[in-house]
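See structure below.
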Amino acid sequence: MKIFTARQIYEADKSTIQKEQIKSHELMERAATQLFEWMHSRLRGTQVNIKLFCGIGNNGGDGLVLARKLNEHGYSIKVYVVNYSDKRSEDFLLNLERLKDGKVWPDFINAESDLPEISPNDIVVDAIFGIGLNRAPDAWVGNLIKHINSSRAFTLSVDVPSGLPVDRGPWEPSYVVNSSYVLSFQVPKLVFFLPETGVYVNQWEILDIGLDQDYMINTETDFELIGRPEVLPMYRPRLKFSHKGTYGHSVIVGGSYGKIGAVQLASNACLSIGSGLVTAFIPKCGYDSLQTAVPEVMVLTGSREKNISGIEIPFEPSVVGIGVGIGQDDDTVSAFGNFLKRVDSPMVIDADGLNILSQNPEMLKDVPALSILTPHPRELERLMGQWSSDFEKLEKAKAFAAHYNLVLVIKGAHTITIYNGKGYVNTTGNPGMATAGSGDVLTGMITGLVAQGYSSVEAAIFGVYLHGLAGDLGVSSKGYEALKASNIVEHIGNAFSDVFRQPEMEQKESGQN
Ligand SMILES: NC(=O)C1=CN([C@@H]2O[C@H](COP(=O)(O)OP(=O)(O)OC[C@H]3O[C@@H](n4cnc5c(N)ncnc54)[C@H](OP(=O)(O)O)[C@@H]3O)[C@@H](O)[C@H]2O)[C@H](O)CC1
Ligand SMILES: [K+]
């Protein structure tokens, strides 16, 4: 699903209004009707106090239409107009009149007004600011937002949490509504998925308000949300008349004394995702344990007992996954540097492989084109320097990936794959996966997909998706705390099946942070 910028959403609005020959207030009515139906289908007339805080723009207008509909259906409502500017939008004004026609009289909150009482049992509708926020809220509006946050009431945000800009980090973090649930129009917003700004969004759901499909389809976006519909077409079915050679020979290079388990996890994952053959290249100390733990994996050892000091592969691998558990011994560093010079096909590079590159940036030019680097944020920082916000991080990562012609997989709650100026935001996975060896499993999975002929970017996107899904399936039986990396490997097969499961009903795009 494409992730649009605010500018693109305004364009989609315009295009819809033109094509359908409707007025903007009709589109607002459509959007707010969706909000109303969402609430009504859950509340079914329950007499709870609903307090609607409405700004003076179109986000506030949505709130006023919702208030009118709730009132018409007998709900107990109180409307507060947050009067932060005298530049009220036309559709806001129109709907303010319509609300008054229904004998609902809002309270106006001005700079000097008292803050209304909010009980933890109330429902707050947050329609103060939408995607039009373009500067820090004034202090008194910020204080109102803080007051809403401290009320502990269930807070339903219209489109976005108020105070959260959609194309940058907030000016003042405490002036952003902590939403219990965000009902966002038509498309998800990038800020829902970034570590600094995703914290304001507990759960989100997309409401389809019927924006112009032609515009949506034909408009290129910088970011895309990756769910089942996006990965299904990537799948390459196995052929009846095929053999293990058809699915590639992966090599996993890594391990050092005490860290052979990393290679075991990566090579096991590589096999489980379908690589035809897997050979591990490790130091001697790991030979017995690896052969015993994963008999399907072939094992080559270097000349040293505890570290890798030279990498010799006596055949042409389809792909190399390198770095897990490898350490940073001086000889390992030079072996890695020499190996990079000799190999032309893409590699998957993780863990100390990345740290070696950060320590020896001159090696970066030898990394084969279209290699996949899988850093977590600290490793990314070591590779490309610090950033001041998530948005700057993404810009720097795009430039870095473009400069070296690489795929970057930025690991996190929503892992983002960067390639060719675009970002692909993953939707699977859970906090249980923040556990030792989880990254080694991902390296093995992506390597195994490249071995089977997936392009680098597809292997990264699909691998990250399946890894998260395997973790989600693992958690459903183990729980968050007990999930181990080996359980993720065990669920790779189920993850494939799950991708092909027929959805029981029409899937709505939604998520939980
Ligand atoms: N296609 C859709 O998704 C639809 C969305 N709708 C809703 O419309 C809003 C966007 O509405 P908009 O009126 O453009 O913007 P806001 O309501 O977010 O903000 C209103 C104005 O407030 C001004 N502003 C911005 N920041 C501040 C601030 N910190 N303090 C005071 N005022 C501020 C700004 O105007 P200026 O001229 O003063 O800059 C904003 O324009 C969207 O989120 C949806 O909820 C439609 O209802 C249907 C289609
Ligand atoms: K809002």
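Just so it is clear, glycine is given a Cβ too, placed from its N, Cα and C backbone atoms.
Where the annotation comes from TrEMBL, it is an automatic prediction and has not been curated.
According to TrEMBL, the protein carries these features:
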type    : residues                                               : note
DOMAIN  : 9-217                                                  : domain 'YjeF N-terminal'
BINDING : 58-62, 130-136, ASP159, ALA262, GLY325, HIS376, ASP440 : (6S)-NADPHX binding site
BINDING : ASN59, ASP126, SER162                                  : K(+) binding site
DOMAIN  : 227-499                                                : domain 'YjeF C-terminal'
BINDING : LYS411, GLY412, ALA413, HIS414, THR415, GLY439         : AMP binding site
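Here the features listed in TrEMBL are painted onto the structure.
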{"residue": "ASN58", "record": "(6S)-NADPHX binding site", "contacts (Cβ under 8 Å, 6+ apart)": "SER24, MET28, SER89, ASP91, PHE92, GLY130, GLY132"}
{"residue": "ASP126", "record": "K(+) binding site", "contacts (Cβ under 8 Å, 6+ apart)": "PHE53, ILE148, THR155, LEU156, SER157, VAL158, PRO161, SER162, VAL177, SER179"}
{"residue": "ILE131", "record": "(6S)-NADPHX binding site", "contacts (Cβ under 8 Å, 6+ apart)": "ALA6, ILE9, TYR10, ASN59, ASP159, VAL160, VAL166, LYS189"}
{"residue": "ASN134", "record": "(6S)-NADPHX binding site", "contacts (Cβ under 8 Å, 6+ apart)": "PRO165"}
{"residue": "HIS376", "record": "(6S)-NADPHX binding site", "contacts (Cβ under 8 Å, 6+ apart)": "ILE410, LYS411, GLY412, GLY439"}
{"residue": "HIS414", "record": "AMP binding site", "contacts (Cβ under 8 Å, 6+ apart)": "PHE193, LEU194, GLY198, VAL425, ASN426, THR427, GLY429"}
{"residue": "THR415", "record": "AMP binding site", "contacts (Cβ under 8 Å, 6+ apart)": "VAL409, VAL425, ASN426, GLY429, VAL464, GLY468"}
Which residues in the same chain, at least 6 apart in sequence, have a Cβ under 8 Å from the Cβ of ALA413 (AMP binding site)?
PHE193, PRO195, GLY198, GLY429, PRO431, ASN513
Cβ within 8 Å of the mean position of the Cβ atoms of ASN59, ASP126, SER162: remaining residues of the chain near K(+):
PHE53, GLY55, GLY60, GLY63, ALA127, ILE128, PHE129, GLY130, SER157, VAL158, ASP159, VAL160, PRO161, GLY163, VAL177
Just the binding-site residues from ASN58, ASP126, ILE131, ASN134, SER162, ALA413 whose C-beta lies under 6 Å from any atom of ligand 2, please, or none if there are none.
ASP126, SER162
For ILE131 ((6S)-NADPHX binding site), what is the secondary structure by DSSP, using just helix, strand and coil?
coil
Looking at Cβ-Cβ distances, which residues of the chain lie under 8 angstroms from GLY61 ((6S)-NADPHX binding site) while being 6 or more apart from it?
HIS25, MET28, ALA32, CYS54, SER89, ASP91, PHE92, LEU94, ASN95
If you measure every Cα to Cα distance among LYS411, GLY412, ALA413, HIS414, THR415, GLY439, the residues said to bind AMP, what is the biggest one in Å?
14
Looking only at the domain 'YjeF C-terminal' (227-499), what is the mean pLDDT?
96
Listed in sequence order, residues not in LYS411, GLY412, ALA413, HIS414, THR415, GLY439 with Cβ within 8 Å of the centre of the AMP site Cβ atoms:
HIS376, ILE410, ILE416, ASN426, GLY429, VAL464
Out of ASN134, SER162, LYS411, which binding-site residues lie by ligand 1, with a C-beta less than 6 Å from some atom of it?
ASN134
